[in-house]
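Have a look at the structure below, then the notes.
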């Protein structure tokens, strides 16, 4: 008997708690993402758009720092400890966010600290991934990793939905004077997130148990067991991890998260420039598109579980990268039609002049630009301050929609296969630190992606931006070809199992 029925049920209950933890981690990021800017302006009028960029990035910076630390902790101590501590940090950070209106000055720095701490608490995804990798057999691994990514994706989708529901409270809301708490459309979402975090901590104590099985599903002991379960010592840990394969997957995962961060960041400025959409139209239409892409991703996560059993993870990862490459290649401008130029109907003397490329305005400040006082309509079209607008063909809406569909198909495939292959390559070795580095590489990509695209797109235009992205993906495909034969499970590499 490989495993008793009681052990099997307990193991999967614990895995489901990890799914919930992953879901809440992504909700913590996305539940306030739409309201950060107006709340920041309300609590601290001195904050500008560039500081908003730091607040958005602080979540990923916090997660990048925390992931290896929590991963290391989980290698030597029961995983319940880092899980509870990280979730408690997120709960406290959400409460801090709800009180950033209290100080009379420097409110923006308190908000920055709160979001960085929420990201720090989200470093527990490394613990979650390492636990799931150690608590599943090779045959269960792909499905479990796909479910984990699906829970993460659903969290990102539902976060803005929760935020939208809380807008019914209004900007003023109600005030609980005894504890100086303002319950409004900005604070209610984070307090709801804090409540979910408390529930998560209770469930971790009540239901979560340490389990570990080998690649064939046999129960075995590890340092994390706390003496709760019985099992035979794992005899299959002998052998060295293939660090070339580990580094390759880290690089591929960085590229995957990098290009998706670019895709998310570029959506609003690109559509405003190409289709003369107003700020409201760009946010509304792209919100719909990203929601559809999110739903598409969840479906792909479910389908890929079955498909991987027939073709293997490496082939699917290869196919996913190819789909992403085609998605960005489609975005390259072609044809002769130029985008509408912003303010082209205004007299020449009212058009802002630029003397060098250093004075070009970054895309995130474009929505804040205003027409001269004698004009009341919001300026739309491609700004003349971006010199490429005068000679770069427009990207047709059909191109943009097709690209969204393809990237929404390729990204989740690459995401799941990267995690699955990574966990299989590591095998029975403690995976906490390694999963921490993988999570950190993804967080770094989410920081650098928006910086890259804001510089290249604003100064050189979409042709350069998307050509460079295509080049990066091609390099990734070449790397995958070079290490293809090394991306095999630890047990297969040492002849303990057949591939």
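Cβ atoms are placed via backbone N, Cα and C, with glycine included.
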For this session: When you get a sec, could you say which of 359-383, 434-458 is annotated transmembrane segment by TrEMBL?
Result: 434-458
Exercise. When TrEMBL marks a stretch as transmembrane segment, which of 216-235, 316-335 is it?
Worked result: 316-335
Exercise. Can you name the far-off residues of the same chain, 6+ from the ends of the transmembrane segment (244-263), with a Cβ under 8 Å from a Cβ of it?
Worked result: 317, 321, 324, 328, 407, 411, 414-415, 418-419, 421-422, 425-426, 434, 437-438, 441-442, 444-446, 448-450, 452-453, 465, 469, 472-473, 475-476, 479-480, 482-483, 486-487
Problem set entry | Intrachain neighbours beyond the transmembrane segment (316-335), with Cβ under 8 angstroms and 6 or more residues off its ends | 252, 256, 259, 304, 307-308, 392-396, 399-400, 402-407, 409-411, 413-414, 417-418, 421, 461-463, 466-467, 469-470, 473-474, 476-477, 480, 484
Exercise. In the predicted model, what is the mean pLDDT computed over the domain 'Major facilitator superfamily (MFS) profile' (14-488)?
Worked result: 81
Problem set entry | Per Cβ pairs under 8 Å, the stretch of 83-100, 190-208, 400-422, 434-458, 464-484 packing most closely against the transmembrane segment (51-71) | 434-458
